[in-house]
Amino acid sequence: MDPLNRSQLGPGCKTQAVVQKGPLDLIETGQGLKVQTDKPHLVSLGSGRLSTAITLLPLEEGRTVIGSAARDISLQGPGLAPEHCYIENLRGTLTLYPCGNACTIDGLPVRQPTRLTQGCMLCLGQSTFLRFNHPAEAKWMKSMIPAGVRAPGPTYNPGSAESESLVNGNHTAQPATRAPSACASHSSLVSSIEKDLQEIMDSLVLEEPGAAGKKPAATSPLSPMANGGRYLLSPPTSPGAMSVGSSYENTSPAFSPLSSPASSGSCASHSPSGQEPGPSVPPLVPARSSSYHLALQPPQSRPSGSRSSDSPRLGRKGGHERPPSPGLRGLLTDSPAATVLAEARRTTESPRLGGQLPVVAISLSEYPSSGARSQPASIPGSPKFQSPVPAPRNKIGTLQDRPPSPFREPPGTERVLTSSPSRQLVGRTFSDGLAATRTLQPPESPRLGRRGLDSMRELPPLSPSLSRRALSPLPARTAPDPKLSREVAESPRPRRWAAHGTSPEDFSLTLGARGRRTRSPSPTLGESLAPRKGSFSGRLSPAYSLGSLTGASPRQSPRAQRKLSSGDLRVPIPRERKNSITEISDNEDELLEYHRRQRQERLREQEMERLERQRLETILNLCAEYSRADGGPETGELPSIGEATAALALAGRRPSRGLAGAIVVSGRCGEESGGASQRLWESMERSDEENLKEECSSTESTQQEHEDAPGAKHQGEVLAVEEERAQVLGRVEQLKIRVKELEQQLQEAAREAEMERALLQGEREAERASLQKEQRAVDQLQEKLVALETGIQKDRDKEADALETETKLFEDLEFQQLERESRVEEERELAGQGLLRSKAELLRSVSKRKERLAVLDSQAGQIRAQAVQESERLAREKNAALQLLQKEKEKLNVLERRYHSLTGGRPFPKTTSTLKEMEKLLLPAVDLEQWYQELMSGLGTGLAAASPRSSPPPLPAKASRQLQVYRSKMDSDAASPLPRTRSGPLPSSSGSSSSSSQLSVATLGRSPSPKSALLAQNGTSSLPRNLAATLQDIETKRQLALQQKGHQVIEEQRRRLAELKQKAAAEAQCQWDALHGAGPFSAGPSGFPALMHHSILHHLPAGRERGEEGEHAYDTLSLESSDSMETSISTGGNSACSPDNMSSASGLDMGKIEEMEKMLKEAHAEKSRLMESREREMELRRQALEEERRRREQVERRLQSESARRQQLVEKEVKLREKQFSQARPLTRYLPNRKEDFDLKTHIESSGHGVDTCLHVVLSSKVCRGYLIKMGGKIKSWKKRWFVFDRLKRTLSYYVDKHETKLKGVIYFQAIEEVYYDHLRSAAKSPNPALTFCVKTHDRLYYMVAPSAEAMRIWMDVIVTGAEGYTQFMN
């Protein structure tokens, strides 16, 4: 290979390998060899004349760097940089980035990124040539070429005369041949849009067959292809076309602000919406070599200029929504223009193009009209001029056609858009490039129908795209045919042309001549048009290079004709188009202002329409009067004018009929179409000549009859007959035209069906190609899917194996965890049992100690009873001594009185000592009262402080009972040992409820015997009598002593009283300390001192005078004693209450008795209060017990719910294990049973097993025996063993035989975890896998085979009752 082309090392080998890997086809074609591949590539032609090899350089997806030292494609040649440029392949679209180095595409230097198109020539550096091939684009372009059309390569002629002035298809101004073009600055957006459109238009270069042979390439400096065209475009060569003038001038630069969107209404659009190409658009095919291209106006600058349908199917539907215009398609079908139109329509509607391929407007003006038959300027009374619209259609040029903008309809424009997309396309195509033909149509709205040449001033300048389009007309045919101009309206009412190919100037003169003869309102029309006839063939102004001047249109009002006739034929000055919708930005206020102006304009035009309709009616009335009043040779022509004005009025009243279709005037090309139209016109002319002859003869005969008539009475009848005949002739003419129109409609329907078939065929081919492509993609995806599924299956198998291994490991870990938990649970259970045992021992010890205390309390009670008896005996002795003392005192008094009387008032010498002894006996009594008061107050506060919860408030009746205390004090003086021995035990506290304390309280409460109580009451009942006498004596002797001793005695008493107070306080403090010291030991019954006076017990709080439990509590105050005291007082059954003593009682004694009765009543009331308080306390205790019971029930419920929740958690965990692991073991039906009275045989029989019918199992209430085959632990051998399940020993043992002499192994119940059927068949070489079950322990897994299925089920249910290895399954 040539070293200048490509290096053989490094990337070169890689590139060759890439090309060889792709589908590279070597095809022998005779003596040649064709190399073909499917990928985009560059064909290197070498760097100079010395290069001999041809290299294919593939362009892979992504970036490919080219240069003398590039890593991808290395080329050697003059002017090549190390990294000269790079080509980026992005999904089939290849773009060249020059990197600032010398690069040309098709001879044009490029300085910025440029898209590469099929067949373009690249020159890198000075002489390194590369051809770019894109097989996909080429294949797609070939598929788009219709059948029978070939696309020869255009001539590469850089030396053409005009090539210097053409860049990217735009003409630059030539000083010698062209007027200077306006230079407008382009915005960046417009430049980018123009550049994109240039690429799009570069992509579609095709030729029509035979064009190259008919016309040499040298005469076509322009590209023979433009814009997707397949339509031949060349400069005009006919004189008629060249007479237009400034056909090759651009009035403004491309995409200048003057080219408004609406000014290019007939410009072929990309798509109805003018949007960017969709993703389905294949790579566009560019032009190559020196093909110069036309840049059409982009769709972005035409917001609503196109009304074509979105899809061919929609377009075909829309084509039948309105009545077809037969004349239109009759003109277009049998000619090369028809082929052009069909292809243009397919180009527009094909979905494969994605709405991106512009339609080329074909100018048929190049065909000379040398064979056109001109009619005389004036034919008076000719019926052929009585057609409904006798106005010229063939004009010198077309008004600038604009699409119907939804926001503004410029005045004076003439529509080419139709409601049918097919007609729309035809009208648009034939209206863009017309240079010598005139396009007219019925008005789309009333304001268009009355605009004539006077509204041309309001038109903006022509779109530069139209101007550029005029630069590329069709090549002139060598044998031109007569060109016929005709238009048939879309409405079923035909409008026939009267001008058969005549020039617009001649026909304007003809109309003017007729107007003069018929007294037209514009009599000088011919004279005004004649002087300007020569100017029509000269150069027009640039703004009207495509035919801005026009005569009166068929919808033109007489006012416009008057303007024409008055000589106002000034050429309007080109103006900038203001208030265009495209010049309005996104500002909402400007849009609102724009719509307001448009609305006012529409209102003005509607008013003008109404005025013009009135004017037309006035003209009709004048014509009718004139025809009746006038006579002569011109009467035959009046109905023609009348009908014309009527048709004008009708068209003015029906503006909507013109909205549907555009009526195109154009010449036909092609021999067949020319002959057909010629025959049609010849037949119509023959009928017109016959009508003319008939009319002339009738006119002559009428004139002769008029001359020969004897009078004027027949003249009115003759006029009526002539008028009726003219009407009949008009109707006949219309019927003929209607018949011809129906024939043309038939032909048009056939042609349209053929066109539809061709469109569908092309669409079908495109869809088939897409289908094949997608099918291949589907096959590739299917292969990838199969490979992916295979890989996924392998990965899934690997993951499943890994998961199974992990599952086994997890299961082992779970077993170990469960074993640990079971051991911990067992240890916890053992510790709990030990604690319960120690608690029971402590409770037993407490109960024993309470019993001991009860015994001690009973002994203390007995001791107290003995002490009470002793005190009573001493009290009796004391009473007897006191009685003797009293008697002795009485005797002493008698002696003293006698001695006083005998001695004359001198006392005994020992009187003071006696008084001192009496004071010693009396003063401690006073101190004792204070001591009792202090003691009771101390006891009350101490008890209240010791038990504030359980003690009721102190009784109010006992607060000021001083007399009772005084009596008890005196009682204690009278019977000194008694107060110290009578005592009651301290009741147990309210918080204690033990039986021992209740027993001690009950025992101590009953301890005083009735006899001792009676003795005590006898001693007490005898107190008042002795007390009265004693007090009287004491009082008298005390007063005597006070008189004698005075202050000395008082001081002594105070001293002794203070000492007694100190002693009482010390004793009360000791008792208080003893009381508080015994307070915490509430179980102890002896909190008070052992010797306590019974009157103190009267003042104890009720809560301390009874036990805790109501059924065992006894009042320590003996109420029976008070009752007996009352009884003894009433009956007087005591020796101390003898009538002798009662006789000595004074009135003071009676008051004291009443006081004691009051005290008894108070005691009864206190007893009732004590009973009530006892009931209240019992109620409180009952409530406390009830609350305690409720609390225990709540705790039990919580415990049950907690245990149920724990059970649910365990079951859930088991279920999760079942779901997660494929080797999860089935749960056994029964949990272990540890009850000692559990009957194994009954349990098995209740489970549904037939124990008696199974001979392989010996079952009793505690033991199960039978033969099983067991697999060995170390050596996996199966041996028959005799198994014994013993619930007494809590073991599962197995022996060599049933004699149970040689023990082989023992399984303890606590080691058995689970018993389950071997559903996984994991036992190796099992004798019978269907009868194999497993016993899992902490250490190993036992496999056993039962002799029968029933035996296996029995053994499994038996062993599971001893499976105590899993403690969480137990309650």
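Placed from the backbone N, Cα and C atoms, the Cβ positions cover glycine too.
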Task: Among Ser370, Ser580, Ser673, Ser1021, residue that the record in Swiss-Prot marks as phosphoserine - done: Ser580
Open item on the list: Where Swiss-Prot marks phosphoserine, which residue is it, choosing among Ser472, Ser947, Ser1326?
Closed with: Ser472
Open item on the list: Between 153-182, 1083-1112, I'd like to know which one Swiss-Prot lists as region 'Disordered'.
Closed with: 153-182
Task: phosphoserine per Swiss-Prot (candidates: Ser378, Ser585, Ser1130) - done: Ser585
- [ ] Summarise the domain 'PH' (1261-1364) by DSSP state, stating how many residues are helix, strand and coil.
- [x] 18 helix, 46 strand, 40 coil
Task: Mean predicted confidence [pLDDT] for the domain 'PH' (1261-1364) - done: 93
